[in-house]
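Step one of this worksheet: look at the structure below.
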Amino acid sequence: MSSFVDTCFKLSEGHDFVVFSIHSIVWGTLLHLLNRSDPIKLQQKQQQQQQQQINNKKTNTISPIYKLKPFEFLFLGIMVTVTFINIVLRFIKGVPIWLLQPCHVLSGLLIYIISNKKSDSNIFYLYFYNLWMPLVGILAVPDDSWFYYSWEPFIFYLHHWAMLIVPFYYMFFNHRFHAHFKSSTSLPMEYNGNIRLSTLKNRLRLFVQVFTIGMLYHSLVLGYGGILLNEDLNSMKCRFAGGEIFGIHWREALTIGGWILGWLVAVLPDTLIHCLYYSNKKPSSSTTATKKNTILSILGDGFNFIQSRINLEIKKNN
């Protein structure tokens with residue numbers, strides 16, 4: 001890898017240090033602003049927690065433990081296998097630093113999400129809204145020089161396609177992390193709703209927050225790491241092939257491209273599915289009960305009116 005870094009188009013280390021410092025300050029400031037506690041939301045959260053504690057005391061029940069489904073075991077087996085193979089290959093090739101690449105880090109996160117029975121929608125969306133990273137890995141055709149063995153391309157694509165498929169399995173079929181589907185696989189927490197996912201505005205805010213975390217990782221870890229170790233991590237040091245049209249601003253172009261892909265692969269499908277669900281949502285039991293009470297009230301008023309008219313006619317005849 002060092003020979004590639006020596007021959008690729010790159011800028012001076014001083015320039016890169018300034019660029020990554022500016023990026024870190026900008027993204028760090030944005031993340032701080034997003035993480036600031038909103039008094040209204042904090043109050044709502046406290047009220048929700050207090051109400052949940054009251055409900056738990058009333059029901060005195062223990063939330064059931066989630067059990068992994070057959071497809072989850074399949075996906076977990078695939079992810080563990082390809083991740084283990086990638087770790088071994090990186091050490092064989094003498095480039096363990098490549099394990100800091102976003103797809104490898106997200107692989108570990110996905111394995112944790114699937115295997116941990118206490119995983120919730122917060123950690124799931126931390127992965128889901130970063131789904132543009134493995135998508136970039138597929139769209140950016142790997143160079144043949146990356147592979148030592150003939151079967152490595154198969155492992156590469158199996159790894160990245162599995163990372164893309166698993167979230168949509170949860171979205172369309174399993175519904176483990178989605179409060180909009182009250183299925184048998186939904187976690188107990190999701191029944192109470194997640195304030196970060198309660199409205200479209202909050203969902204978009206969460207995407208910006210997660211995207212900001214990803215950008216901070218690129219500048220603080222991959223950017224500074226590439227300077228210290230003289231390595232190109234995720235094109236943070238060397239300009240990617242075809243990036244000549246962006247000049248010295250290829251990293252900013254990657255940021256914009258990642259933002260667009262993030263919307264296309266995660267935010268847009270997530271929003272459309274929720275809109276589709278809520279447009280076809282059946283009335284809840286409380287709404288149905290209210291409608292029944294209204295109908296009974298109307299029928300009762302009508303019956304009383306008819307009876308009063310009958311009594312009035314009887315009095316007139318007498």
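Using the three backbone atoms N, Cα and C, a Cβ is placed for every residue, glycine included.
Automatic, uncurated: that is what TrEMBL annotation is.
Look at TrEMBL and you will find 17-35 (among others) tagged as transmembrane segment. Counting same-chain residues at least six beyond the ends of the transmembrane segment (17-35), those with a Cβ under 8 angstroms from any Cβ of the stretch are 11, 205, 208-209, 212-213, 215-216, 218-220, 223-224, 227, 236, 251.
Below 8 angstroms of C-beta separation, residues 98-99, 104, 107-108, 110-111, 114-115, 148, 152, 155, 158-159, 162-163, 165-166, 169 of the same chain, each at least six residues beyond the ends of the transmembrane segment (73-92), sit close to that stretch. If you look up TrEMBL, you'll see 73-92 (among others) marked as transmembrane segment.
When Cβ-Cβ distances below 8 Å are used as the criterion, the transmembrane segment (98-115) is approached by residues 1, 68, 72, 75-76, 79-80, 82-83, 86-87, 90, 123-124, 126-127, 130, 133-134, 137, 159-160, 163, 166, 214, 217-218, 221-222, 225, 233-234 of the same chain, each at least six residues removed from its ends. Under the heading transmembrane segment, TrEMBL lists 98-115 (among others).
The feature transmembrane segment is assigned by TrEMBL to 122-142 (among others). Nonlocal intrachain contacts for the transmembrane segment (122-142), taken as residues 6+ away from its ends with a CB within less than 8 angstroms of a stretch CB, comprise 102-103, 106, 109-110, 112-113, 153, 156-157, 160-161, 163-164, 167, 170, 176-177, 194, 196-197, 206-207, 210-211, 213-214, 240, 257-258, 261-262, 264-267, 270.
With a threshold of 8 Å between CB atoms, the same-chain residues lying at least 6 positions outside the transmembrane segment (154-173) that come near it are 71, 75, 78-79, 82-83, 85-86, 103, 106-107, 110, 114, 124, 127-128, 131, 134-135, 137-138, 142, 147, 265-266, 269-270, 273. Annotation source TrEMBL lists transmembrane segment at 154-173 (among others).
The transmembrane segment annotation in TrEMBL covers 206-227 (among others). Taking Cβ pairs closer than 8 Å, the transmembrane segment (206-227) reaches residues 13, 16-17, 19-20, 23-24, 27-28, 30-31, 34-35, 97, 100-102, 105, 125-126, 129-130, 133, 196-197, 233-234, 236-237, 255, 258-259, 262-263, 266-267 in its own chain, all 6 or more past its ends.
For the transmembrane segment (256-278), same-chain residues at least 6 beyond its ends with a Cβ under 8 Å from one of its own Cβ atoms are 128-133, 135-136, 164, 167-168, 171-172, 180-181, 200, 203-204, 207, 211, 214. According to TrEMBL, the transmembrane segment annotation covers 256-278 (among others).
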